[in-house]
Amino acid sequence: MLVTLMKAKLHRATVTQADLDYEGSIAIDRDLLDASGILPHEQVDVLNITTGARFTTYAIEAPRGSKVIGVNGAAARLVQKGDKVIVVTYGMLPAEEARNYAPTVVLLDDGNEIKKAA
């Protein structure tokens with residue numbers, strides 16, 4: 001049997017922009033994608049700590065070093081610049097492998113600098 005587990009998360013990211021007119025997605029600094037293992041075009045859940053809103057979208061790459069967390073398209077109505085969010089991805093593993101699996105967790109500060117990655 002396969003079970004769905006958290007693959008990776010960016011914890012307490014700060015939204016830097018919200019663009020209603022862009023055609024969807026969440027733009028994430030390439031450094032943060034690399035640190036977390038989140039892939040461009042990978043499905044992600046975004047959990048807004050500030051408002052409690054939750055939505056699903058996909059990740060796109062923002063320039064390396066930009067510290068951008070930019071919510072685009074219709075989902076831009078669910079965030080405001082400065083909101084704290086959690087960006088989560090999931091994967092499926094056989095139950096036996098899942099018992100020993102550890103996800104990647106990247107904790108961010110208010111400026112989207114990495115405080116801790118494990």
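Cβ atoms here come from the backbone N, Cα and C positions, even for glycine.
Remember, predicted model here, so these are calculated numbers, not experimental data.
Annotation note: SER25 (pyruvic acid (Ser)) sits in a coil segment as assigned by DSSP. Taken from Swiss-Prot, the feature pyruvic acid (Ser) covers SER25.
The active site, schiff-base intermediate with substrate annotation in Swiss-Prot covers SER25 and rests on sequence analysis. Its Cβ taken as reference, SER25 (pyruvic acid (Ser)) is surrounded by 20 other Cβ atoms within 10 Å in the chains shown.
According to its DSSP assignment, THR57 (substrate binding site) is in a strand. Residues annotated as substrate binding site in Swiss-Prot, with sequence analysis given as evidence: THR57, GLY73, ALA74, ALA75.
Same-chain residues at least 6 positions away in sequence with a Cβ under 8 Å from that of TYR58 (active site, proton donor) are, in sequence order, GLY24, SER25, ILE26, HIS41, GLU42, GLN43, VAL44. The feature active site, proton donor is assigned by Swiss-Prot to TYR58, with sequence analysis given as support.
The 10 Å shell around the Cβ of THR57 (substrate binding site) contains 19 further Cβ atoms across the protein chains shown.
In the structure as shown, the Cβ atom of ALA75 (substrate binding site) sits within 10 Å of 20 other Cβ atoms. Residues near ALA74 (substrate binding site) in space but far in sequence (CB under 8 A, at least 6 apart, same chain), listed by position: LEU20, GLY24.
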